[in-house]
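Below is one structure, written out as C-alpha cells, with a few remarks after it.
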Amino acid sequence: MSSKEDYIIKPESVSPSNDTSQWPLLLKNYDKLLVRSGHYTPIPAGSAPLNRDIKSYVSSGVINLDKPSNPSSHEVVAWIKRILRVEKTGHSGTLDPKVTGCLIVCIDRATRLVKSQQGAGKEYVCIVRLHEQLKDDKELNRALENLTGALFQRPPLISAVKRQLRVRTVYDSKLIEFDNKRGLGVFWASCEAGTYMRTLCVHLGMLLGVGGHMQELRRVRSGAMSESDNLVTLHDVLDAQYVYDNTRDESYLRKIIQPLESLLVGYKRVVVKDSAVNSVCYGAKLMIPGLLRYEEGIELYDEVVLMTTKGEAIAIGIAQMSTVDLQSCDHGIVAKVKRCIMERDTYPRRWGLGPIAQKKKQMKADGKLDKYGRVNENTPENWKKDYKDLDEQPAPPIPESKLVAPEPQLPKKKSLIEEVEVDIDVEDKSEKKEKKDKKEKKEKKDKKEKKEKKDKKEKKRKAEDDSSKSEKKKKSKKD
C-alpha cells in the first residue's frame, strides 16, 4: 500500500529547467535570456525555420559554397540562380576568379542580409612566394607580426575599384609553414572586410627586402560561416536539385541549404510577442508591451535581431534601450527597425481590434464616416463632439510681445558710386546675353551648312552609283 504522502506535491526551492543548449539557431540557450513578460497569446501562424515547407525554406535560405577556382563570384551566383530556379541571389563579398573558399550565397528573401555579411570580418589562408632566400627563417614570422593592426593599402593594379589609398585592419595572423629554399610560406590571417591579401603579400616582400607576391589564396571564414559550417560545392547543389526534381526527396536540398537565421546567431536577441510581429514587419518600432525576452549586455544603439518565439528572424533593429533600461522601464521604444527580413502578413494583423477602432470601422462601412475616417454629413452628433480635426484646429495664440508693430523702415538711398556700379552690372549682363545669342545663332548656322553639304555629297554619290550601275547594265546587254 502506498502512503498518502506519495501524492502530495512538495514545495521545492529549485524548479526544473529545460536544457536549451541543444536547441537550433536563434533558440539556443533560450532559457538564459532575461524575461520581461511570460504572458502572451501564441498565434498558429509562421513556423520554425527548420520546419518550413520546401518552397519557403529555399526562398529564405543561404548556401555556404566552396567557390571553385577560375569562375568569378558573379558567375557562380548566377549559376546557382539558374540551378535552383529562384528569383534573386546575392553573395557575401567578391572573391577573385583564382581564389577559392567560403562564398555565402543568399537566396530570395535572404538577400536582405547581404549588406550585413559583406561588411563582416574575413579569414584567409594564403601562400606567399618570396623572390629570394632569407638569411633567417624567423624573419617572415616577425614581418607578419609587424603587419598587424591598421595598415595603409592601395588596391592592386588590376582591380574593380578606384586605386585610392585606404586603411584596413589585420586583426591577427599566424605563420603555418615556411620553406626557405623554395621561397614559399603559408600563413593564416584574420582581417577586416575589403583587405587586399595580394597587397599584404607585396608588403611582406618589401618589408623583408627580397620582394614577394601572392601565389595562392583560400577564404576559410566569411562573417558567421567558416569551412566547417556545412560547406558545399556546386556539384552538391546541382545533385540536390536533380534529386528533388526526379524523386521529390527534399532531404538533400535541406542539407545543403541553411535557414537565413544561421547568419544571425552572433547578434544579441530580442524576443517579440506574436501579436506585435506584423506591426514590426510594417516598419513600426518595437515598444515595451511587445517585448517577451531579451539578452544580457545590450547597449544603446547596438544592432540586435528581433525574433519570434518559434525562432524566426523578423528584422535587424537598432536598440533604443540598454539591458538595464529594459529591466526597469514600463514604457518606451525598445528598438527601431533597420532591415526587415520577414515578409508582411506572415502573421495576422493585431492592431485596430479595440472597441473604438471596431466602431470606427463599422461607421465607415455604414457611410457615417468617409474612407479616411473623417466626419461627413451622416455622422451622428455624439461622435462629432469628441472628434478633433487636426487640420482645422486654431493656430496657437501669438505672445503680446510680438503683437507690437515694428517701426516702418524707409528704403536707404544709394550713393552715386553704388548706382554707377549697378548700371555697369546691368550693362555687363546685357552684353553677355547678346554675345550668347550671337554664338547660338552662329552655331545653328554652321550646323545647317554642314547638313546641307552632307546632303549634297550624298546626292552626288547616289547619282554616281546610279550612273555606274546603268553603264554596267549597258555593257552586259552588249555582251
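Even glycines carry a Cβ here, placed using N, Cα and C.
According to Swiss-Prot, the protein has these features:
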type     : residues : note
ACT_SITE : Asp96    : active site, nucleophile
DOMAIN   : 267-342  : domain 'PUA'
REGION   : 358-479  : region 'Disordered'
COMPBIAS : 363-374  : compositional bias 'Basic and acidic residues'
COMPBIAS : 382-391  : compositional bias 'Basic and acidic residues'
COMPBIAS : 435-460  : compositional bias 'Basic residues'
COMPBIAS : 461-470  : compositional bias 'Basic and acidic residues'
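Beyond the ends of the compositional bias 'Basic residues' (435-460), by six or more residues, the same chain brings no residue to a C-beta distance below 8 angstroms of the stretch. Over all protein chains present, the Cβ of the residue listed as 'active site, nucleophile' has 19 other Cβ atoms lying within 10 Å. Confidence in the domain 'PUA' (267-342), given as mean pLDDT, stands at 90.
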